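Visitor: Among the features that TrEMBL reports, ATP binding site is placed at B:K7, B:F8, B:G9, B:G10, B:T173, B:D174, B:Y179, B:R184. Annotation comment: TrEMBL describes B:T47, B:E74 as substrate binding site. For B:345-403, the entry in TrEMBL reads domain 'ACT'.
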Protein chains: 2
Amino acid sequence: MGKVVLKFGGTSVGDVAKIKATAEQAIREKEKGHEVVVVVSAMGKSTDHLVNLAEQINPKAPSREMDMLLSTGEQVTIALLAMAIEHEGHAAISYTGWQAGLVTEEIHGNARIQNILTTNVGKALDEGKIVVVAGFQGLSENGEITTLGRGGSDTTAVALAAALGAEKCSICTDVVGVYTSDPRYISEARKLAEIDYDEMLELANLGAGVLHPRAVEYAKNFNIPLEVRGAHVVEVGTMIKEGNLLETKQVVRGVAFDDKIARIRVSFKSVDKMNVACIFTKLAEEHVNVDIIVQSIGEEAGPSAVSFSLKEADLEEALRVLEQNKAAIGYHDLVTESGLAKVSIVGSGMVSNPGVAAQMFTVLRNAGISVRMISTSEIKVSVVVPEVKMLEAAEVCHQTFDV
Amino acid sequence: MGKVVLKFGGTSVGDVAKIKATAEQAIREKEKGHEVVVVVSAMGKSTDHLVNLAEQINPKAPSREMDMLLSTGEQVTIALLAMAIEHEGHAAISYTGWQAGLVTEEIHGNARIQNILTTNVGKALDEGKIVVVAGFQGLSENGEITTLGRGGSDTTAVALAAALGAEKCSICTDVVGVYTSDPRYISEARKLAEIDYDEMLELANLGAGVLHPRAVEYAKNFNIPLEVRGAHVVEVGTMIKEGNLLETKQVVRGVAFDDKIARIRVSFKSVDKMNVACIFTKLAEEHVNVDIIVQSIGEEAGPSAVSFSLKEADLEEALRVLEQNKAAIGYHDLVTESGLAKVSIVGSGMVSNPGVAAQMFTVLRNAGISVRMISTSEIKVSVVVPEVKMLEAAEVCHQTFDV
């Protein structure tokens, strides 16, 4: 059997008991005959503790020193996990990011992996050891400790799996797999056996929250089968892999939803004065993220207008930016609406089923749910609806498309 | 002005306030015109916390993984201290042991420094930065993280000072200098302005506890002036340097004492059967440390005997070892005595003052203090006396020799 990479996040290694349970999981894979690499994050709240110390000392601490500080968190976990595995009678060795050969850009706090030199890890695997690697961290070519930013440990795991030619990378987390929708709210939501990379990317970006999109992208680029599974259960998880899945008859793979959305409509007296690029340049400069953008020209929506959705929390800041740049943008009027939500259906099967979007709008209209905005991609349809109707819309879509 | 190395131990960087105070000390040296390197230990009790986690997971944790775990302690301190210095508007950079180029043997938990590659530290000093280095840790030639064992951070500081050609290495600690005797017990004890390496070595070995002998030896070998001073006070400390000091008229530089000592007397029926080497070989094999050894052959101490002193805590184990090897050693009888203490006078001036030992024995006899064992070196006389008489003996010596 081949190599596998397992990744355990901070809550899954949050205390002594969980570290021991993680050791057992690693040993179980080893005893199946695999060569095993385990990537771990810092224990539970340890990063928060370090950040708190730093803030007391220097609220504007240099990012290089933050990386120096925070990278100790995973180093503690790898040492303890290796000890736990050794205690159960299996050979183990821990490596920091730099010892595991993770070469990154020298961008502190948000570095990207450039290269992985697998000499140490490969040698230890050849010697039959379970290799424990610190996630989230690497080393620049100048010998500086870096961290990878959000989703960093997932990305470490996938990148190592790619560099080692592993047959699988398992992300062991506090959910047992990827669901067709959020099982806390949607009664018929069920765990998927499989999903393809693009579907997972849409779901990850839509706030399903199981996996960081960056790790999914990496897995897609290197074609690494990615499993999402529960950290301390035996239950099989969800496999994320290249298209042509078993469940191909399924047009829609999942239904995602996201609340606390607002909408801004910027209207112009004439098309000539309309400087749409300026709107989104200024917002980007002030780090206001915009999601769906809809532009309408002509009579229907008034003379001419552009609408976009964003997080409710960003609404005030967005209005400040727009008003400050009113002259440059050349708009006539602003209308805002909050208390909205986004509901999306995702599935690779949509590409060959052109009627899916129409069917979605029909069932929503029949349910009396008004649609404020629409956005479509090849494998996704998103609608913005009143927040109070969000779960009803998701439930209706889940039933209609027999997800 | 030249380079200086400052070293701050765990209690001196034990919390946020102390880290800020340490930053101020470093900046003060920098503002005097020095190039400044600061070596620090792990914060206060953080090592204990990590050791406790390891013990819960694996009481026999591999020493490699203990080094991986414990070396995070100093890494946290260096990052926080660099942030604190930056916060005060001075440029700083932190380096782990391996980044600072500390190459060691690959003996985990107790490695010795083999080489220091000062490229990074030298470059940062040239750029005007205050350089903060993690004490106690290094890297083997195979890229393994090692720790230096007891006295490790002091040794890091001295070794860096030697490699950089620093004009001084200051050990900033919770005492303000080296005293002629322990000021908690000896009323006339006073802080020394200077002391030479050999005297300090004898005092360090005698339990004065201010400095680890290993660091003093290193400083002596490379002729690095070593200062012991208070961590967060401006007061001048004690300089430890090569002989020919200002206070050369002083025959005795200090009086040290150590309680909880026991004595074992091993007697033989005849010299022929006496295998003294075997006694100390067997004790060494079982890690029982022996201090003073006195051998007497002939009538005075019975037929033939060897006596030695050791820590009371080791007495039981020593007796077990001796009894187990009775046949090999060939002894006839064992007598033990506990409740003893060792009092020592130390001074380079003794070399040219042969009457010092005799004078010590006289004043002790006049004070009615019985001497059980004697050991002398060129610059030291130690006597073993009843523990209840220890402080009286030390006080009498301190007065007699006008220390």
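Cβ atoms are placed via backbone N, Cα and C, with glycine included.
How buried are the listed features, and what sits near them?
Guide: A strand conformation is recorded for B:T173 (ATP binding site) in the three-state DSSP classification.
Counting Cβ atoms from all protein chains shown, B:T47 (substrate binding site) has 18 others lying within 10 Å of its own Cβ. When secondary structure is read from DSSP and collapsed to three states, B:T47 (substrate binding site) falls in the helix class.
For the domain 'ACT' (B:345-403), the DSSP counts in helix, strand and coil order read 30 helix, 14 strand, 15 coil.
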Visitor: If one measures from the C-alpha of B:Y179 (ATP binding site) to the C-alpha of B:E74 (substrate binding site), what distance in angstrom results, rounded to a whole number?
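Guide: If we compare the Cα positions of B:Y179 (ATP binding site) and B:E74 (substrate binding site), the gap is 29 Å.
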Visitor: Once the DSSP letters are reduced so that anything not helix or strand counts as coil, what is B:F8 (ATP binding site)?
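Guide: Once the DSSP labels are grouped into three classes, B:F8 (ATP binding site) ends up as strand.
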Visitor: Could you measure between B:F8 (ATP binding site) and B:E74 (substrate binding site) for me? Cα positions, answer in whole angstrom.
Guide: 11
Visitor: Inside 10 Å of the Cβ of B:E74 (substrate binding site), count up the other Cβ atoms and send me the figure.
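Guide: Taking every protein chain into account, the count is 32.
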Visitor: Calculate the distance in Å between the alpha carbons (Cα) of B:E74 (substrate binding site) and B:G9 (ATP binding site), and round it to a whole number.
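Guide: That comes out at 10 Å between the alpha carbons.
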Visitor: Counting other Cβ atoms within 10 Å, pick out the least crowded of the binding-site residues B:K7, B:R184.
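Guide: So among B:K7, B:R184, the binding-site residues given, the one with the fewest Cβ atoms within 10 Å is B:R184.
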Visitor: Look at each of the binding-site residues, B:G9, B:G10, and point out the one with the fewest other Cβ atoms around it within 10 Å.
Guide: B:G9
Visitor: Hey, what's the widest CA-to-CA gap across B:K7, B:F8, B:G9, B:G10, B:T173, B:D174, B:Y179, B:R184, the ATP contacts in the record, in Å?
Guide: 25
